[in-house]
Amino acid sequence: MEFPFTINNLFKEKIVKLKYDLLPNGFRGERRDMIDCASKISQILDDMGRASAIAQGLNKPITSGERLRNSEHLVYLLIDPEGKGTVVGLLKVGSKNLYVYDHTGAHHEVKPLCVLDFYVHESKQRMGLGKILYEHMLKEANVLPQDLAIDKPSENFLAFLFKYYGLEHIIPQSNNYVVFDGFFADRPVMNGSAKVQSDHVKDTFDGIPPTVGRHSAFKPVSTMGAILQNVSVNPYQNDGTVPRIAPDIIRPVMKLK
Ligand code: ACO
């Protein structure tokens, strides 16, 4: 995607990580330069966010400058430095509190790193650029593909995850997030319900060594949180089976299999 300013003046690296300040890592300049840079980056995020929403058939963008400014999310941009430079890809991630079921139907409160938005410009799709961007994020966050929760993945993204990481078996959830086999592999499980922390992800991102391991703190399931997420605190029915999950939510699972 092209912009009415020179991308190569803004970004010196091929993959740029952005946070709430909307400035590239190591930005140096006077206040006026800082405002100008943040405003251009905001425009990039708005335009790429809009293009991503259109590509996914969403009625409003998930990513914008304003949204990033007001969150702890991270956005990775992939730059093609040819000519004045263009922005060819966007990947947004962030930690979220989620209630998820494991294979046995046990219900867990977790705070995994989530993939929130992923887009490669139409003219550059299926050339391996998405993989470059995704691999960069995995390395930086120090996570495995199966550790992530994905917010409503598209068919293209599901195909991508299967192709590169063999992720195929989805554990059905009662929210829009998709987690795969292996998501619980190194997470401790307590009888029925557990709180599993992955704060190391955020710590790793901030460049601060983790002071508290993600498995260290357990607490009971929050009833209020469960109500807010519209899920049952006790996932078991009277006969001990797991309740049926709404068909629209498991649709991606059915299609994939
Ligand atoms: N149809 C089917 N599979 C696709 C498609 C497609 N149109 N596009 C990508 N893929 C999958 C395939 O596995 C493909 O391999 P193949 O070409 O051998 O079949 C593989 O991804 C290609 O890998 P890359 O080239 O590394 O990925 P790309 O640069 O195309 O980026 C992405 C992948 C981001 C999913 C891109 O296709 C895209 O922007 N799609 C439209 C927007 C979208 O669906 N984003 C994900 C939304 S869900 C979310 O953000 C949480």
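These residue numbers are counts, starting from 1, taken along the chain as shown.
Each Cβ is built from the backbone N, Cα and C atoms, and glycine gets one as well.
Taken straight from TrEMBL:
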- 1-184: domain 'N-acetyltransferase' (DOMAIN)
- Gln56: site 'Crucial for catalytic activity' (SITE)
- Phe118, Tyr119, Val120, His121, Glu122, Ser123, Lys124, Gln125, Arg126, Met127, Gly128, Leu129, Gly130, Lys131: acetyl-CoA binding site (BINDING)
(request) Grab the pLDDT values for the domain 'N-acetyltransferase' (1-184) and give me their mean, rounded. (result) 96
(message) Assuming the binding residues for acetyl-CoA are exactly those in the record, Phe118, Tyr119, Val120, His121, Glu122, Ser123, Lys124, Gln125, Arg126, Met127, Gly128, Leu129, Gly130, Lys131, what is the maximum CA-CA distance in angstrom, rounded?
(response) 16
(message) For a quick check of packing: other C-beta atoms within 10 Å of the C-beta of Lys124 (acetyl-CoA binding site), how many?
(response) 16
(request) If we count other C-beta atoms within 10 Å, could you say which of the binding-site residues Gly128, Gly130 has the fewest? (result) Gly128
(request) Specify the secondary structure state of Gly128 (acetyl-CoA binding site) as given by DSSP, simplified to three classes. (result) coil
(message) A 10 Å Cβ contact count, applied to the recorded positions Gln56, Glu122: which residue has the minimum?
(response) Glu122
